[in-house]
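Report on the following structure.
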Amino acid sequence: MKLNISFPATGCQKLIEVDDERKLRTFYEKRMATEVAADALGEEWKGYVVRISGGNDKQGFPMKQGVLTHGRVRLLLSKGHSCYRPRRTGERKRKSVRGCIVDANLSVLNLVIVKKGEKDIPGLTDTTVPRRLGPKRASRIRKLFNLSKEDDVRQYVVRKPLNKDGKKPRTKAPKIQRLVTPRVLQHKRRRIALKKQRTKKNKEEAAEYAKLLAKRMKEAKEKRQEQIAKRRRLSSLRASTSKSESSQK
C-alpha cells in the first residue's frame with residue numbers, strides 16, 4: 001500500500017510505499033478523520049500523529065466520509081457532495097464510492113501530519129514550500145501579521161513580483177476582500193436608512209388601507225341594513241293591504 005503523507009505547516013507532500021503488512025495494521029479498521037500514532041511505520045516516525053484524510057482502492061474509487069462500510073456502494077450524489085463534480089446545473093448521478101473504514105484493499109491511503117515527532121522526515125518536514133499567493137481576505141491578513149483593528153491592512157498585503165525580461169520589475173497586489181472603509185460604512189448606513197424608510201412607508205400604507213377598508217365595510221353594512229329595513233317595510237305594507245282586503249270581503 002502507498003501512503004500519501006502531507007504536512008500543512010511546510011506545504012510538503014510525500015508518497016511512500018509500505019510493503020510490510022505489520023506496519024499498516026495500525027491503520028486497519030480505523031475510520032476517516034481518526035488520529036493515529038505513526039510509530040509503527042519506523043524509527044524516524046516516533047512521536048508523529050497522523051490523521052486519516054481519505055484514500056483510493058485498487059480500482060481507483062475514493063473513500064467517502066459517512067459511509068460506514070469496508071466495501072463499495074453506489075450512491076446518488078449531487079452538488080455539494082464529496083467524490084462528485086456536477087457538469088450541469090442540478091445534475092445528480094449514481095457513483096461508486098468506497099466506505100470510510102480502512103482495510104487491506106486500498107492502494108493509496110492519504111494521511112495528514114497533526115503532530116510532529118522528534119526527528120525530521122527528509123522531503124517532508126525539513127523543507128518548506130513557499131506559498132504562491134498571500135491571503136486576500138482582510139481578517140486573514142490581520143491574523144497572519146497579528147494586527148489589531150486599528151492597523152491599516154492595506155500596508156501589509158503580500159505583493160506578487162512580476163519580472164519580465166527587458167521590462168521594469170513591478171509587483172501585483174490582490175484586491176482586499178471584506179475591507180471595512182468609510183465608503184462601506186456609508187453604504188451600510190444607507191441600506192439601513194432605506195430599510196427603515198420602506199418599513200415606515202409600508203406601515204403608513206397598511207394603516208391607510210385598514211382605514212379605507214373599515215370605511216367601506218361600514219358603508220356596506222349601512223347599505224345592507226337599509227335594504228333589510230326597506231324589505232321589512234314592503235312586507236309589512238303587503239300584509240296590511242291583504243288584511244284590509246279580506247276584512248272588506
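Start at 1 and count along the chain as shown; that gives each residue its number.
Heads up, the Cβ atoms here are built off N, Cα and C, so glycines get one too.
Look at Swiss-Prot and you will find LYS14 tagged as SUMO2 cross-link, backed by similarity to another entry. In three-state terms derived from DSSP, LYS14 (SUMO2 cross-link) belongs to an extended strand segment. If you draw a 10 Å sphere around the CB of LYS14 (SUMO2 cross-link), it holds 15 other CB atoms from the protein chains shown.
Neighbours of GLU35 (ADP-ribosyl glutamic acid), defined as other CB atoms within 10 A of its CB across all chains, total 13. Positions annotated as ADP-ribosyl glutamic acid by Swiss-Prot: GLU35.
Residues or ranges marked as phosphoserine in Swiss-Prot (evidence: similarity to another entry): SER148 (among others). For the recorded site, SER148 (phosphoserine), the DSSP three-state label reads coil. A simple way to gauge crowding: the CB of SER148 (phosphoserine) has 6 other CB atoms within 10 angstroms, across all the protein chains here.
LYS211 (N6-acetyllysine) is surrounded by 10 other CB atoms, counting those within 10 A of its CB over all protein chains shown. Sequence annotations record features per position, and here Swiss-Prot assigns N6-acetyllysine to LYS211.
Marked as compositional bias 'Basic and acidic residues' by Swiss-Prot: 217-229.
Annotated region 'Disordered' per Swiss-Prot: 217-249, in sequence order.
The phosphoserine feature in Swiss-Prot is assigned to SER235 (among others). The Cβ of SER235 (phosphoserine) has 10 neighbouring Cβ atoms from other residues within 10 Å, across all protein chains displayed.
Residues or ranges marked as compositional bias 'Low complexity' in Swiss-Prot: 236-249.
Marked as phosphoserine by Swiss-Prot: SER236 (among others). Around the Cβ of SER236 (phosphoserine), a 10 Å sphere holds 10 further Cβ atoms from the protein chains shown.
Under the heading phosphoserine, Swiss-Prot lists SER240 (among others), citing similarity to another entry as support. In the shown protein chains, 10 other C-beta atoms lie within 10 A of the C-beta of SER240 (phosphoserine).
According to Swiss-Prot, the phosphoserine annotation covers SER242 (among others). In three-state terms derived from DSSP, SER242 (phosphoserine) belongs to a helical segment. If you draw a 10 Å sphere around the CB of SER242 (phosphoserine), it holds 10 other CB atoms from the protein chains shown.
According to Swiss-Prot, the feature phosphoserine maps to SER244 (among others), an assignment based on similarity to another entry. There are 9 other CB atoms within 10 A of the CB of SER244 (phosphoserine), with all protein chains counted.
Of all Cβ atoms in the protein chains displayed, 7 besides its own lie within 10 Å of the Cβ of SER247 (phosphoserine). Taken from Swiss-Prot, the feature phosphoserine applies to SER247 (among others).
In this structure the C-alpha atoms belonging to SER244 (phosphoserine) and GLU35 (ADP-ribosyl glutamic acid) are separated by 108 Å. With respect to their backbone Cα atoms, SER235 (phosphoserine) and LYS211 (N6-acetyllysine) stand 36 Å from each other. In this structure the alpha carbons, written CA, of LYS14 (SUMO2 cross-link) and SER242 (phosphoserine) are 113 Å apart. For SER236 (phosphoserine), the nearest of the modified residues by C-alpha distance turns out to be SER242; the candidates were GLU35, SER148, LYS211, SER242, SER247.
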